[in-house]
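Straight from Swiss-Prot, the features:
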- E117: active site, nucleophile (ACT_SITE)
- E205: active site, proton donor (ACT_SITE)
- 32-218: domain 'GH11' (DOMAIN)
- N88: N-linked glycosylation site (CARBOHYD)
- 1-16: signal peptide (SIGNAL)
Amino acid sequence: MLKSLVVLLLTSRVIAFPTLDTDQTAALHKPQATPNSQGTHGGFFYYWWSDGQSPAAYTNLDGGSYCLRWESGGNLIGGKGWSPGTDNRTIQISGTFQGVENSYLAVYGWLETPKVEYYIVEYHGVFNPAYDAQILGTVICDGSVYDISRSTRVSSGGTKILPRYWSVRRNKRTGGTVQTGCHFDAWRSTGLSAADHGFQIVATEGYFSSGFAEMTVADTSAEE
């Protein structure tokens, strides 16, 4: 009888474990990404932004180098360059770029008056980021034909429509020299009038894609 009572007490005992509420559970499964930031490092301007939906690690390396590893899940962009930018800069790009799907390597920047965003796309995956842009023509720069086009985007605050200029290289590459003046001349011939450069970087961008990039940038304008 005593043995039966011990078994009954053991089997009827309730053990309570702490539980996570909804917010704690969401935080536990939230993708981890390097916090957004911009500034100077190693004598170069750097810019890093993600929407926080993709596991991603951005790291500034020595000089004009940076490293980015990311997994699919959202939108992100990062890289090194200069602030302010300029119409006429000779940029040397080297390193390793292993982006697939919707990812690209580009010279990326802003003009401030009025606000205009631009991309000189050196490499993209299966998805052309300028697929829905208005074709303006072509230009030959640095040994390849580039398709130049214009599109628009909504500002981050959702209050303005901003123009965006594209120059997409047909003969894709992940390194070499980019003469930005060739592209700005082409864009300005189609109506680009904005001046006063913001930053200008060699960027790795991903959108629901995955990949790895370790890139180095340099301004070789003075060597010409």
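Counting starts with 1 at the first residue shown.
Glycine is treated like the rest: Cβ placed from N, Cα and C.
For the residue listed as 'active site, proton donor', other Cβ atoms within 10 Å of its Cβ number 25. Classification of the residue listed as 'N-linked glycosylation site' by DSSP places it in coil, neither helical nor stranded. Cβ environment of the residue listed as 'active site, nucleophile': Y108, G109, W110, R153, L162, P163, R164, Y165 lie under 8 Å away, each six or more residues apart in the same chain.
Less than 8 angstroms from the CB of N88 (N-linked glycosylation site) sit T180, G181, F184, S221, each of them six or more residues away in the same chain. Regional average pLDDT for the domain 'GH11' (32-218) in the model is 96.
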